[in-house]
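Data first, discussion second: the structure below is written as structure tokens.
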Amino acid sequence: MSILHVTILTVFPEMFPGTLGYSLAGQALHNNIWSYNIINIRDFGLTKHKNVDDKAYGGGDGLIMRPDVLGNAIENALSLNHNAKIYYPSPRGCVFTQSFAKEMLKNKNLIFLCGRYEGIDERVIAEYNVTEVSVGDYILSGGEIPTLTILDCLIRLLPGVLINQNTLSSESFEKDGEFQGGLECDLYTRPKIWRGRAVPSILLSGNHRLINNWRKEQSHMITKLRRPELLKDL
């Protein structure tokens, strides 16, 4: 089994592994299912102040991360993580989805470039064939939180991370799974009645055929109500 090797470029190295040091991802890290190393972009900064950004040509608000600084940091990352694919979390990128995650994992060597300020110089993206990826239509302060989000998704897809790998087939967005790319059905556990609200009787019937049909019907209804665009692919 090949290990997922991740290199993260950031001006805030203390943010990692963050949440990835806990639960499934943390256990997988301990079990060497994935590994990571951090490169502090400021180590390649200019002047005694280790500057990594500058004013934008053409005006505009905000500062841009310099290509010379990022280029040196990326070269260092590539020397540690050969043949790696570089991803840059950005609101301009393709939207990250479960399908996108599976495509990413076809390469077990990944580099994440965490931008800050107004963004990075476009020449860096062109020079290193960087793929921009978005975690949604909103703006964050930097690329670290999107990187943590993306990695959490990727790691749980790796063999050996989940005790029961079949769990993946009954989750939302899994096109080859129980809900065929739709949203997961409602979930219930003990007690049978809580504050006057009862578990649907069909789930207590023991009739697996009826239960499976109910789960699929619930999934379709919830998907149609909340994410109707997902039904176009079903």
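From the backbone N, Cα and C atoms, a Cβ is placed for every residue, glycine too.
Other Cβ atoms within 10 Å of the Cβ of G136 (S-adenosyl-L-methionine binding site) number 11 in total over all chains. Residues annotated as S-adenosyl-L-methionine binding site in Swiss-Prot: G115, V135, G136, D137, Y138, I139, L140.
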Rank the binding-site residues V135, L140 by the number of other Cβ atoms within 10 Å of each Cβ, and give the residue at the low end. L140
Using a Cβ cut-off under 8 Å and a sequence separation of 6 or more, which residues in the same chain sit near D137 (S-adenosyl-L-methionine binding site)? P91
I'd like the number of other C-beta atoms within 10 A of the C-beta of Y138 (S-adenosyl-L-methionine binding site), please. 7
